[in-house]
């Protein structure tokens, strides 16, 4: 079974996210549990928490089909130790918010070396930061998102994801989220059956499907291998519809949140419907 949704607004309170998801016919969703462009936020109050559980129950969407996303400011691989500590503190708060909301995974971008340290040193920093947060929390899987490799962002190679996972002490607390736009602009082709199979076979060999904990379903404005992160509406970009039809009929993507982050939210309901119609 496929669980498709979108990254919906939680403006006015996290409890609005399940309401917004239901309105577009979603069976999954992503959200920010706090303002994604600020370091700190006030704690979730009891009223907000109660409303969250009430609306979540009404939506009939299970926690395992929800993929919260952390703040864009966090860089667990930061070359400067003080800046990294600030990121770890903020990331810990995000994981604790997930615990409070009974969410079992948190999606994040791995980090950036800012051209000040090597890729390996940065990946080591990311893994160490994750291990520290895992030690202080329970029940929330840290889901590493692959990146387009724009600037000095790491995570654009399957090998980066595998390297981090290898250094995580409790493997039950780590997963990956594959963003189709990022994958494509990082150089992994999925446009034809042959290319799709080749890319995912490589993923299985290097990372492993047992770690796949969610996907971001996006078309791409830039070309294959451009290392530029710009999403497009499905079928409008350089990836095209075939890849999304392959995903919808790939059992390896069952029972995880498949989340749209496409650029025109006014057609999300339509995109969700189209994806479900692809299922044979």
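Glycine too: its Cβ is placed from the backbone N, Cα and C atoms.
According to Swiss-Prot, the Zn(2+) 1 binding site annotation covers 69, 109, 145. If you draw a 10 Å sphere around the CB of residue 145 (Zn(2+) 1 binding site), it holds 21 other CB atoms from the protein chains shown. Under the DSSP three-state reduction, residue 145 (Zn(2+) 1 binding site) is assigned to strand.
Neighbour density for residue 216 (Zn(2+) 2 binding site): within 10 A of its CB lie 26 other CB atoms from the protein chains shown. The feature Zn(2+) 2 binding site is assigned by Swiss-Prot to 145, 179, 216, 261.
Residues within less than 8 Å, Cβ to Cβ, of residue 182 (Zn(2+) 3 binding site) and separated from it by at least 6 positions along the same chain comprise 145, 146, 147, 148, 149, 156, 216, 229. Per Swiss-Prot, the feature Zn(2+) 3 binding site maps to 182, 229, 231.
Residue 69 (Zn(2+) 1 binding site) carries a strand DSSP state (E or B). If you count neighbouring Cβ atoms within 10 Å for each of the binding-site residues 179, 229, the highest count belongs to 179. The Cβ of residue 109 (Zn(2+) 1 binding site) has 70, 72, 74, 145, 147, 153, 155 as same-chain neighbours under 8 Å, each 6 or more residues away in sequence.
Other residues of the same chain near the Zn(2+) 1 site, with their Cβ within 8 Å of the Cβ centroid of 69, 109, 145, are 70, 107, 108, 143, 144, 177.
For the pair formed by residue 69 (Zn(2+) 1 binding site) and residue 231 (Zn(2+) 3 binding site), distance between Cα atoms is given as 17 Å, rounded to the nearest Å.
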